[in-house]
Each structure stands twice: as structure tokens, then as C-alpha cells.
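Step one of this worksheet: look at the structure below.
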Amino acid sequence: MEDSELELLRQGCLAAKDVSYSPYSRYRVGCCILVRDGERVIKVTGANVENASYGGTICAERVAITKAMTTVETRDPSQWVALGIMGDSLQDCISPCGICRQVIREFVNPKTGQVPIVMFNGDGSNYKKVSLEEILPMSFGPESLAL
């Protein structure tokens, strides 16, 4: 991933975080997926959306992935350049929750190739780049179903 792509990812996460609907936790999360479409790079963003019935809450990563997978130009995970997430903490880089790791695993897998996951702190001044295998070792995926 090039520096210019990292900056696009950071900007996408910041913009997504700004539209978070988080009146209960007051913890905003933004996610951005960069997707290569020919010569251009498309930003697909998502933010966490909370619900008074907490089980109805959806994380930013799953919003972005759902948008990417339901848009013709971005639905091929082999064209994903990177996935970034950002929360509000200025000290810590946010990590995807367990459900989001599993959803990411559905689309970022050995068939689609390596897609770096970039975990930013709250203003994007610090980040940690990891692979899915680092944050979800011994994962369960579609090939585990032996269909």
C-alpha cells in the first residue's frame, strides 16, 4: 500500500466516523475500504449505527463491507486495496470486534489475497497495519464448510 493510499484510507475513516450514530456509547467508529477499479481507487465507507435495542447496533466495518458487497464496482474482494478503521481514542488504535473479524474473514481470505487492515487512533496520527491472520488466527471460513 502506497503512502497516498494510506492517506486516502485515513481521510475515509475520519469522514465515516463523523457520520456515526452513537448516542448511547458516544463512541464513534468509522471504516473505509479502498477498492481498485481500473485506474481509480474508490472509497467505500461505513460508520457504526447504534440502536436503543443494543442487539440492533451495527459496527462500522460491517456497514462498509455490506456497502462494498452490494455495489457492482466494489463487490470483488480481490480488488480491495486495504480496510481501515478508526475510533475516538487518541491514545489507542482501534481493533475490529470478534463479529467484524469473522465478517472480514468471509471476504478477505486466501482466495482474495492479502488485504491489509489498518487500525488508526482517533485522529489518524498513529496506526498499526496488520493482516487478518494476525488478528484472527486459525479462522473459520467458507472452505471450512466442505461444501
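The backbone N, Cα and C atoms fix where each Cβ goes, and this holds for glycine too.
Annotated active site, proton donor per TrEMBL: GLU61, in sequence order. According to TrEMBL, the feature substrate binding site maps to ASN48, VAL49, GLU50, ASN51, ALA52, SER53, TYR54. Residues or ranges marked as Zn(2+) binding site in TrEMBL: CYS59, CYS97, CYS100. Here TrEMBL flags 4-143 as domain 'CMP/dCMP-type deaminase'.
Location within the structure of each feature annotated in TrEMBL.
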| residue | record | Cβ neighbours (10 Å) |
| --- | --- | --- |
| ASN48 | substrate binding site | 25 |
| VAL49 | substrate binding site | 17 |
| GLU50 | substrate binding site | 18 |
| ASN51 | substrate binding site | 12 |
| ALA52 | substrate binding site | 8 |
| SER53 | substrate binding site | 7 |
| TYR54 | substrate binding site | 9 |
| CYS59 | Zn(2+) binding site | 21 |
| GLU61 | active site, proton donor | 26 |
| CYS100 | Zn(2+) binding site | 23 |
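Sequence-ordered, the extra residues of this chain that approach the Zn(2+) site, with Cβ no more than 8 Å from the Cβ center of CYS59, CYS97, CYS100, are ALA60, GLU61, ARG62, PRO96, GLY98, ILE99, ARG101, VAL103. A Cα-Cα distance of 14 Å separates SER53 (substrate binding site) from CYS59 (Zn(2+) binding site). Under the three-state DSSP scheme, VAL49 (substrate binding site) falls in the strand class. Taking the C-alpha positions, the distance from ALA52 (substrate binding site) to CYS59 (Zn(2+) binding site) comes to 14 Å. Taken as a whole, the domain 'CMP/dCMP-type deaminase' (4-143) shows an average pLDDT of 95 in this prediction.
Cβ environment of CYS97 (Zn(2+) binding site): CYS59 lie under 8 Å away, each six or more residues apart in the same chain. Taken through DSSP, the domain 'CMP/dCMP-type deaminase' (4-143) splits into 50 helix, 34 strand, 56 coil. In this structure the alpha carbons, written CA, of CYS100 (Zn(2+) binding site) and GLU50 (substrate binding site) are 15 Å apart. Ranked by Cα separation from GLU61 (active site, proton donor), the binding-site residues ASN48, VAL49, GLU50, ASN51, TYR54 are led by ASN48.
Shown in sequence order, TYR21, TYR24, GLY56, THR57, ILE58 are the same-chain residues outside ASN48, VAL49, GLU50, ASN51, ALA52, SER53, TYR54 whose Cβ sits within 8 Å of the Cβ centre of the substrate site.
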